[in-house]
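Student: Before we start, here is the structure in question, set down as structure tokens.
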Amino acid sequence: MLQSLASNSCVRLIQNHKSTWYFVSLILGYLLYLIFGAVVFSSVELPYEDQLRQELRAVKKQFLLENECLSEERLERFLKKALDASNYGVSILNNASANWNWDFTSSLFFASTVLSTTGYGHTAPLSDGGKAFCIIYSMIGIPFTLLFLTAVVQRIMVFSTRRPVTYIHTRWGLSKQLVAIVHATLLGLLAVSCFFLIPAAIFSALEENWNFLESFYFCFISLSTIGLGDYVPGEAANQKFRELYKVGITVYLILGLIVMLVVLETFCELQQLKQLRKMFYLKKEKPQDRLAILEHDHLSFTTVSDNTGGKNEDKAKTFLSVPTLVSPNDDPMIQLLPY
């Protein structure tokens, strides 16, 4: 008996707090996914890092053996200086000295990466004034960019998703959910083709050191606003039409980000995904004070109605309480008349 009551109470507790349990499971799943990613990245990348470290040590040792007049401390200082400059996008190589990081087209590209929160990190402000301006510029520009993207995506969604789905649903009589799923799938395939596959082929042809996988990797890292910065186009030595190339990449990033948001919004409007999201949301409940006010107003209205009804009944009784006359002599007015 006690076991059945305990099991029933546990089942009732789980059913009453279903969204909370779903939310807890979501948190645990996310943490497990993070741990899974860390394990995979560590097991895959750690051997390559160890191999690269050994190669660099061997090259450094060979260089010091060939140049005995150079001490290891002086070489360390020189390498640190070169690496610090490279982190700011300045290279000491002769074939890279012709590329400036802060001409107009490069600055335009940098501004687009800042406002879109991509942030490749290949170029960073050097001066204190540039760093201060970057802070102020980002504080104003990022919300402005979000407003701009929201307005553009909302207008595009009307013509790219809502009207076509409604037209096919009403014209052909198909299920609206089925039409929405097929439309979202086709739109996603079109976006992948036009903003991932085709640009990846173009980048692999324009960039000498990039293959198709590296070009596709750059497109995904950029349009998902991850922006690792390990691959940045237009930074190779003797890049032809570098200024025009940088402007084209800027336009591609802005258009690609808009298209990605349209695709994500299209998938988010699917009824199945809406139901999935609702599993983790808190249910909307009326506030207790609002319920109390409603109950108080209801009671007040009932009391007033009762009082008004009672007064009306008394008045009706007053006007209707006319004495019944048995004979004319019973009327007091007749009794006062002289004979």
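Yeah, the Cβs are placed from backbone N, Cα and C, and that goes for glycine too.
So TrEMBL has the following annotated:
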TRANSMEM  21-44  transmembrane segment
CARBOHYD  Asn95  N-linked glycosylation site
DOMAIN    97-156  domain 'Potassium channel'
TRANSMEM  135-157  transmembrane segment
TRANSMEM  178-203  transmembrane segment
DOMAIN    193-268  domain 'Potassium channel'
TRANSMEM  215-232  transmembrane segment
TRANSMEM  244-264  transmembrane segment
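Structural setting of the listed features?
Tutor: Per-residue confidence over the domain 'Potassium channel' (97-156) averages 88 (mean pLDDT, predicted model).
Long-range neighbours of the transmembrane segment (178-203) within the same chain, counting only residues 6 or more positions beyond its ends whose Cβ lies under 8 Å from a Cβ of the stretch, are 160-161, 164-165, 168-169, 210, 212, 215-216, 218-220, 223, 233, 252, 255-256, 259-260, 262-263, 266-267, 269-272.
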Student: Tally the residues of the domain 'Potassium channel' (97-156) by DSSP class, grouping H, G and I as helix, E and B as strand, and everything else as coil.
Tutor: 41 helix, 0 strand, 19 coil
Student: Any chance the transmembrane segment (215-232) and the transmembrane segment (244-264) are in contact, meaning at least three CB pairs closer than 8 A with a sequence separation of 6+?
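Tutor: Yes, the transmembrane segment (215-232) contacts the transmembrane segment (244-264).
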Student: Across the domain 'Potassium channel' (193-268), what are the DSSP residue counts per state (helix, strand, coil)?
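Tutor: Counting residues by DSSP class gives 53 helix, 0 strand, 23 coil.
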